[in-house]
Amino acid sequence: MNPFQKNESKETLFSPVSIEEVPPRPPSPPKKPSPTICGSNYPLSIAFIVVNEFCERFSYYGMKAVLILYFLYFLHWNEDTSTSIYHAFSSLCYFTPILGAAIADSWLGKFKTIIYLSLVYVLGHVIKSLGALPILGGQVVHTVLSLIGLSLIALGTGGIKPCVAAFGGDQFEEKHAEERTRYFSVFYLSINAGSLISTFITPMLRGDVQCFGEDCYALAFGVPGLLMVIALVVFAMGSKIYNKPPPEGNIVAQVFKCIWFAISNRFKNRSGDIPKRQHWLDWAAEKYPKQLIMDVKALTRVLFLYIPLPMFWALLDQQGSRWTLQAIRMNRNLGFFVLQPDQMQVLNPLLVLIFIPLFDFVIYRLVSKCGINFSSLRKMAVGMILACLAFAVAAAVEIKINEMAPAQPGPQEVFLQVLNLADDEVKVTVVGNENNSLLIESIKSFQKTPHYSKLHLKTKSQDFHFHLKYHNLSLYTEHSVQEKNWYSLVIREDGNSISSMMVKDTESRTTNGMTTVRFVNTLHKDVNISLSTDTSLNVGEDYGVSAYRTVQRGEYPAVHCRTEDKNFSLNLGLLDFGAAYLFVITNNTNQGLQAWKIEDIPANKMSIAWQLPQYALVTAGEVMFSVTGLEFSYSQAPSSMKSVLQAAWLLTIAVGNIIVLVVAQFSGLVQWAEFILFSCLLLVICLIFSIMGYYYVPVKTEDMRGPADKHIPHIQGNMIKLETKKTKL
């Protein structure tokens with residue numbers, strides 16, 4: 001039978017052997033009167049619930065905003081592993097609501113479930129914050145604590161997700177349905193507010209505050225943990241005025257039992273003598289009431305359309321992983337503000353708040369006036385296409401970033417520059433092979449070659465002979481180099497003559513957008529340089545070369561330095577994103593001690609503003625896909641199945657994150673190619689979904705109404721009764 005066709009339930013020819021009588025639910029105790037807000041019809045208890053939700057969402061999204069960078073730079077995992085664990089955590093957060101709903105519906109009730117799992121949530125934050133302390137153990141300890149903390153957080157946030165909104169709805173009397181609807185609007189506003197504010201603030205706590213000489217991940221995790229403590233305390237404060245309905249049974253479990261019984265009963269009755277039934281779910285008629293079977297039939301028709309949906313979430317949820325990793329390799333200076341890479345995620349909730357009224361009141365109405373039938377399924381398909389375009393744009397940005405990156409020497413190649421620290425010009429040539437024409441220009445005093453020159457090696461390592469001409473002197477020197485490296489040949493005065501030294505340079509930009517610096521000291525005394533309150537380095541006398549140090553991007557007009565008998569400061573100027581600098585400390589007789597600044601590797605030039613189009617496209621896709629998808633699903637399934645639909649919707653998000661995990665671990669593609677892969681996969685899925693939607697026959701509301709059935713169990717369930725609100729989950 002075509003799964004898209006309407007399924008009218010008919011009496012079967014096979015007489016049921018037995019029918020299980022489902023006892024009616026005992027009447028609920030009357031709700032005790034609750035204090036109201038300023039004499040209105042709004043219970044005072046909802047204020048505690050709304051504040052709780054704001055703090056909890058701040059806690060979750062704030063912690064998650066910095067998570068990918070924590071994996072990369074604190075736990076020192078590679079990008080693929082960091083992405084995989086990030087999406088494994090996200091997936092777990094969307095699997096655990098099923099467990100939370102089952103606990104609330106069948107055992108503890110909503111209130112106790114929220115309290116107990118919030119305690120688990122807080123414990124997870126505490127363990128996660130401890131794991132981010134550099135002084136607490138080594139790499140293994142940090143990793144173990146982090147994974148335990150994240151597992152508890154996933155259990156806590158997922159477990160309470162299906163309970164909090166529904167518990168708020170329980171505070172209203174049935175006659176105050178209008179006030180309850182407005183409450184849900186405020187509730188969902190608190191979700192978006194918590195997401196928006198936390199995604200902006202916690203990256204600043206991480207990047208703008210230093211702990212133990214590093215980014216302060218402990219603070220970035222600790223503040224969201226504190227907000228979760230506040231959420232728990234505020235929620236518990238309202239305990240005495242809450243209406244706490246008892247557990248009412250789990251409709252999700254009932255659906256699974258009905259489906260399982262139908263399948264098993266069908267296989268038990270495979271004989272050709274037994275009459276066939278119109279629908280495979282009709283085989284549950286021996287045990288389950290007719291209305292429940294009709295509702296499950298309607299549910300399965302919608303769930304069939306859910307099969308392609310995880311691919312969309314696979315793209316959408318990469319904003320916090322792959323797109324953040326892309327942002328760290330871009331120039332984040334906007335002129336009026338310097339962004340942290342993980343702050344770009346704030347665009348999503350911000351644009352959601354802008355796009356929802358724009359689409360509802362402008363775009364959809366204009367399309368309707370043009371006479372175009374823009375159905376829900378078509379909106380979802382367009383949302384998928386917009387997400388495809390977003391990843392195509394992300395791939396183009398990635399390609400441009402790679403083009404701006406410094407070229408790398410290949411096998412049997414090195415890159416070489418010459419720095420002349422002598423008091424007069426020097427001419428340098430390479431002796432004895434095809435490279436002798438590369439360095440033909442004289443290099444003036446305190447100048448360098450305009451760019452790195454490529455030298456070809458005969459083997460993986462080679463000794464090069466250099467001919468130096470200085471005044472009337474002609475000198476020969478020899479230096480050894482290794483393939484695939486960058487070098488600086490430093491010419492310096494040596495009495496009345498000159499000498500040279502070969503210094504190995506950094507090969508590439510830092511992966512985290514930090515600035516790399518090192519120093520050459522031409523003074524006759526050691527110099528101690530304080531780059532920050534907790535970062536200093538010593539440079540040996542007489543052309544000593546320091547190790548590389550990474551520092552935050554910014555202006556450094558007065559870096560404190562000292563020798564054994566003198567304190568002084570150096571103006572290093574702007575140290576920009578991703579650049580590598582060499583500073584030569586010299587004593588100029590006219591201007592005193594100075595630092596000659598040499599940019600070995602240029603800064604990131606690609607502005608982070610180029611990520612705005614991909615964020616705008618994917619958020620527009622989210623508004624068209626997610627909001628419309630929920631509205632469509634709820635219009636096509638009976639009211640008794642709303643909580644089951646929400647469970648299935650959350651599962652599609654969980655599966656989408658698993659797809660990213662698998663691709664990140666096993667694709668082996670460069671980043672721009674991976675973006676193209678996701679874009680193409682979703683395009684194929686969009687085509688399949690469009691075909692499914694073309695043959696889908698929408699169900700009218702009256703078609704889902706069946707005759708009253710005394711065997712229908714009165715089960716409402718405690719999953720969130722999602723209204724068609726525009727929000728994050």
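Just so you know, glycine gets a Cβ as well, placed from its N, Cα and C.
In summary, of the candidate residues Asn373, Asn567, the record from Swiss-Prot lists N-linked glycosylation site for Asn567, whereas the others have no such entry there.
Membrane topology from Swiss-Prot places Asp342 and Pro698 on either side, one opposite the other.
In Swiss-Prot, the feature N-linked glycosylation site is attached to one residue out of Asn269, Asn472, namely Asn472.
Beyond the topological domain 'Cytoplasmic' (105-113), the same-chain residues lying 6 or more positions past its ends with a Cβ under 8 Å from any Cβ of the stretch are 159-160, 163, 166-167, 170, 239, 242, 244-253, 715, 717-718. Averaged across the topological domain 'Cytoplasmic' (696-729), the predicted model reaches a pLDDT of 51.
Beyond the topological domain 'Cytoplasmic' (365-380), the same-chain residues lying 6 or more positions past its ends with a Cβ under 8 Å from any Cβ of the stretch are 305, 624-625, 628-629, 631-632, 635, 689-690, 693, 696.
Tertiary proximity for the topological domain 'Extracellular' (665-674) is limited to same-chain residues at least six positions away from its ends with a CB under 8 Å from its CB atoms, namely 80-81, 84, 322, 325-326, 395-396, 398-399, 402.
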